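Enquirer: Take a look at what Swiss-Prot says about it:
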type    : residues : note
REGION  : 15-36    : region 'Disordered'
REGION  : 718-793  : region 'Type E motif'
REGION  : 796-826  : region 'Type E(+) motif'
REPEAT  : 69-103   : repeat 'PPR 1'
REPEAT  : 137-171  : repeat 'PPR 3'
REPEAT  : 238-272  : repeat 'PPR 6'
REPEAT  : 273-307  : repeat 'PPR 7'
REPEAT  : 308-338  : repeat 'PPR 8'
REPEAT  : 339-373  : repeat 'PPR 9'
REPEAT  : 409-439  : repeat 'PPR 11'
REPEAT  : 440-474  : repeat 'PPR 12'
REPEAT  : 510-544  : repeat 'PPR 14'
REPEAT  : 545-575  : repeat 'PPR 15'
REPEAT  : 647-682  : repeat 'PPR 18'
REPEAT  : 683-713  : repeat 'PPR 19'
TRANSIT : 1-59     : transit peptide
Amino acid sequence: MASLPFNTIPNKVPFSVSSKPSSKHHDEQAHSPSSTSYFHRVSSLCKNGEIKEALSLVTEMDFRNLRIGPEIYGEILQGCVYERDLSTGKQIHARILKNGDFYARNEYIETKLVIFYAKCDALEIAEVLFSKLRVRNVFSWAAIIGVKCRIGLCEGALMGFVEMLENEIFPDNFVVPNVCKACGALKWSRFGRGVHGYVVKSGLEDCVFVASSLADMYGKCGVLDDASKVFDEIPDRNAVAWNALMVGYVQNGKNEEAIRLFSDMRKQGVEPTRVTVSTCLSASANMGGVEEGKQSHAIAIVNGMELDNILGTSLLNFYCKVGLIEYAEMVFDRMFEKDVVTWNLIISGYVQQGLVEDAIYMCQLMRLEKLKYDCVTLATLMSAAARTENLKLGKEVQCYCIRHSFESDIVLASTVMDMYAKCGSIVDAKKVFDSTVEKDLILWNTLLAAYAESGLSGEALRLFYGMQLEGVPPNVITWNLIILSLLRNGQVDEAKDMFLQMQSSGIIPNLISWTTMMNGMVQNGCSEEAILFLRKMQESGLRPNAFSITVALSACAHLASLHIGRTIHGYIIRNLQHSSLVSIETSLVDMYAKCGDINKAEKVFGSKLYSELPLSNAMISAYALYGNLKEAIALYRSLEGVGLKPDNITITNVLSACNHAGDINQAIEIFTDIVSKRSMKPCLEHYGLMVDLLASAGETEKALRLIEEMPFKPDARMIQSLVASCNKQRKTELVDYLSRKLLESEPENSGNYVTISNAYAVEGSWDEVVKMREMMKAKGLKKKPGCSWIQITGEEGVHVFVANDKTHTRINEIQMMLALLLYDMGTGSK
C-alpha cells in the first residue's frame, strides 16, 4: 500500500461554480430572467422533496424552448439524493445525455452525477462515471469514498484516501470522517494514526466532527487511551463527541466508564441525543445495571425523545437483558413502528425468562402483522426449545426451516444441533451435522459442545482430530470444549495435558479457558489446584470475572480455607466495582459459612438484606449448617413479606435446617405448608430430607409410607437412611429387603456395601458381613478413607491427611498434637 504523503497542505481554493460551462452565450441564456425564475422555483421544489413537480417545470422549459442551465440539473439531482430517488435521477441522467456533450461532459454535471449515484449506493455506475471524470475534485472523491465506506468496501475507501493525497487533492472535513470510519471497521489502528497525523498537519483537528471521528476510530480499534486523549483535546465538545467516546467504551466492555462519561456529559450541560441514551442503555444491559438503565429511560422521557425504532429497540434490549419483561412489554406496546428486529427482541426476552408459551404467542401475532420470520426469529425459537428441553417444539421449528429453505443457513443448523443436544438426542445432532454440506468452525464447535456437555470425551477427541484432518484449525473455543469434555468425564490429568498442548500450539488461553480448568478442578475434588490456576491466570495478565471469583470461592469452601477466602474477598472489594453481584455475594456467604465464620457470613448478607432470593437461600443454608434452626425459620418466614417467593432450593435449605436440628414437627409443618398453601410440588430432594428426618427420629414405618406414596422412585440416599434407622432400632426383618433395593439402586457405590455390612454386623449376621466384603472385592470396590484438610497460619497451601495415613511429611508433629489433645480431653472429663 502506498505511503501517506503528509508533508502537504489542504486545498486553498474551494470548489465553485467556476467549473460550470464557460460559454458566454450559454451563461447569458441560463441567467435570463425566465431561466432564473425557473431555477429558483425548481430549487424550492427540490428542497421540499417535490421532485416530480420540479421535473414538470423542466419539461415546461423544454416546451418553451428555454435553455436549461447545468445548475438546474444539479438541483434536481441533489433533490433525488435527499429523497434517495434513484429512478428519477436516472431519468435526469438520460435527459442530460440526450442534450449532448455540452451538458454530458460538463465538469459540474459530471461531479453531480457521481455524487448522486454514490449517495444512492449505486457504486458500479458511480465508479464508471468517476473513472471518466476529466477533473476529479474533493467532492467527487468524498462521494466515492463515502459510498465504499457505507457498503463495507473499507479497504477501497482507504486506497481512495491514499490516491487523493498522491494526486495532491487534500481530503477535507467531509472525507476524513469516512476514512476514520473505514479504519475503525478494519481495526487498522496504525493506518488510523497516519490519518490522525494528516488531520493535525492540515489543521482539521479543531473540527469537532473530525475529532469525534478520530475518537470513534480509536475506540473501534480498542485503543481507548488515544480515544480519550483526542476527546480531551476537543475544545467545544458536542453530543457527537461525547457519544463517540461512550460508544468506544461500551464496545470494549468498559460499561462503567461509559456510564460515568454520561454523568459527566450531563454535568457539562450537553443535551443527550437518542444515540447517547441508546449507548447508556447498552452499557446498563451489559453490566446488569438496572437503576442506571431506568435513569437513562427517564432522561429520554424528560428530554421529550420520541419512542422511535432506535430508542425503542434499545429500551427493549435493556429491559429484556435485565429480566424486567413487564417493562419490555410496556415499551413494545407503545412503539408505533415495529420491524422484525423489534419483534425478535421481545420474543427473545420471553425465552430468556423461560416464558416459552408467551414467546410462541408473540410469534403468532408477528405473522398476523404480515411480518416473516427471519433466521434470528427461528434461532430464538430453537433456543426456547433447547432451554425447556421441548423436543416437539424444536422439531416443529426445524420443519418450518426446511419448508422455507432455511436449512442451508449454518447459524440455524448450529442452533438445531444445540437443541437436539440439550434435549438429550446427540444422535440427531450428529445427523444434522452430517447433512450440512458446508461446515464452518462454528458448526464443528457446536457438535463438540454437545459431546463436551455430556462428558463424551472419546467422541469429542475423535471430532477434535477429525476437524483438523478436514483442514479446519481449532480456535480457543474448540480447545476450551475439548478440555471441558475431559473434565466432565473426570479425566483431570488429561485435561491439564490438553491445556498445556493448547498453549504450545500457539493458542493463548482466555478467561473461559482458565475458569473451565478451575471449575473442573473443583468439581473433581481438586480444589487446591483450582486456587493455583487462579493465581496462574492472574500472572498471565487476565483479571478474574464474576464467574471466576465464584468458582474460586467455591474451592475455598470445599477446602474450608478461610485465609484464602478472605484474600479473595479483599480482591473483590478492591477490583470489582460491581461486587454487589448476587452470584458473588451468595458465594461469599457460602464460603464464610463453610469456613467456620458464620458472623462474617451474616455481615455480607446483612448489607443486602433480602435483596435477592439466591442470597437468602445461601444464608438459610448457612444457618442449617450451624444448626441455627430459629434463625433459618425466621428468615424463611420473612421472605414473602419482602416480595420474594421461596423456590425449591429455599425449601431444601430450610428442611436441612430442621434435619440438622432434629426438629421433626417443624419439618412436617413446612412440608405440609408448601403442598397446601404454596401450591408447590415437593421434589425428590424434599422427600429425601423428610425420609432422612423420620428415619433418624426412629419413625421407620412413617418413612416407608412416605416413600411408597411419593411420585418418585426412591434414590440410594433414602434407602441408606432407612437401613441406618433399622440398624439403630434392630429391625432386622427390613434389612434384607432394603439391602437388595440399595444395591439395585447403586451397585458401584462402596459406601452402600459398608452401610449394609454394618447393619448385618449389628445383627450378628457375620456370614452376610463376609458376603458383602467378598462382593466388594469381586467388583474391585474399596472403602474410601476419611479425609481432612487443615491450613496452618503463615503457610501456603492446604495439608490433606486421611485415616491411618502415615505418609505425611509432618506425621510426627500430627501424632504428638493428637496425643496432647487426647490427654487434654481426658483430663477435662475427670
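The backbone N, Cα and C atoms fix where each Cβ goes, and this holds for glycine too.
So where do these features actually land, and what's packed around them?
Expert: Counting same-chain residues at least six beyond the ends of the repeat 'PPR 6' (238-272), those with a Cβ under 8 angstroms from any Cβ of the stretch are 208-209, 211-213, 215-216, 218-220, 222, 224, 227-228, 231, 279-280, 282-284, 286-287, 289, 292, 296, 299-300, 303, 577-578.
Note on the repeat 'PPR 7' (273-307): mean pLDDT across this stretch is 92.
Sequence-distant contacts of the repeat 'PPR 8' (308-338), counting only residues of its own chain at least 6 positions beyond either end whose CB sits under 8 Å from a CB of the stretch, comprise 274-275, 277-278, 281-282, 284-286, 288-290, 293, 296-297, 300, 345-346, 348-350, 352-353, 355, 369.
Within its own chain, the repeat 'PPR 9' (339-373) is flanked in space by residues 309, 312-313, 316-317, 319-321, 323, 325, 328-329, 332, 380-381, 383-385, 387-388, 390, 393, 400, 404, which lie at least six positions past its ends and keep a Cβ under 8 Å from the stretch.
Same-chain residues lying 6+ beyond the ends of the repeat 'PPR 11' (409-439) with a Cβ under 8 Å from its Cβ atoms: 375, 378-379, 382-383, 385-387, 389-391, 394, 397-398, 401, 446-447, 449-451, 453-454, 456, 470, 472.
Long-range contacts of the repeat 'PPR 12' (440-474) within the same chain, counting only residues at least 6 positions beyond its ends with a Cβ under 8 Å from a Cβ of the stretch, are 410-411, 413-414, 417-418, 420-421, 426, 429-430, 433, 481-482, 484-486, 488-491, 494, 507.
Mapped onto DSSP classes, the repeat 'PPR 14' (510-544) shows 26 helix, 0 strand, 9 coil.
Tertiary neighbourhood of the repeat 'PPR 15' (545-575): same-chain residues 511, 514-515, 518-519, 521-522, 525, 527-528, 530-531, 534, 537, 581, 583-584, 586-588, 590-592, 594-597, 789, 791, 793, 798, selected by CB-CB distance under 8 Å and a gap of 6+ residues from either end.
Counting same-chain residues at least six beyond the ends of the repeat 'PPR 19' (683-713), those with a Cβ under 8 angstroms from any Cβ of the stretch are 648, 651-652, 655-656, 658-659, 662, 664, 667-668, 671, 674, 721-722, 724-726, 728-729, 731, 734.
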Enquirer: Tally of helix, strand and coil residues over the repeat 'PPR 3' (137-171) according to DSSP?
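Expert: Counting residues by DSSP class gives 26 helix, 0 strand, 9 coil.
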Enquirer: Could you give me three numbers for the repeat 'PPR 7' (273-307), the DSSP helix, strand and coil residue counts?
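Expert: Tallying H, G and I as helix, E and B as strand, the rest coil: 27 helix, 0 strand, 8 coil.
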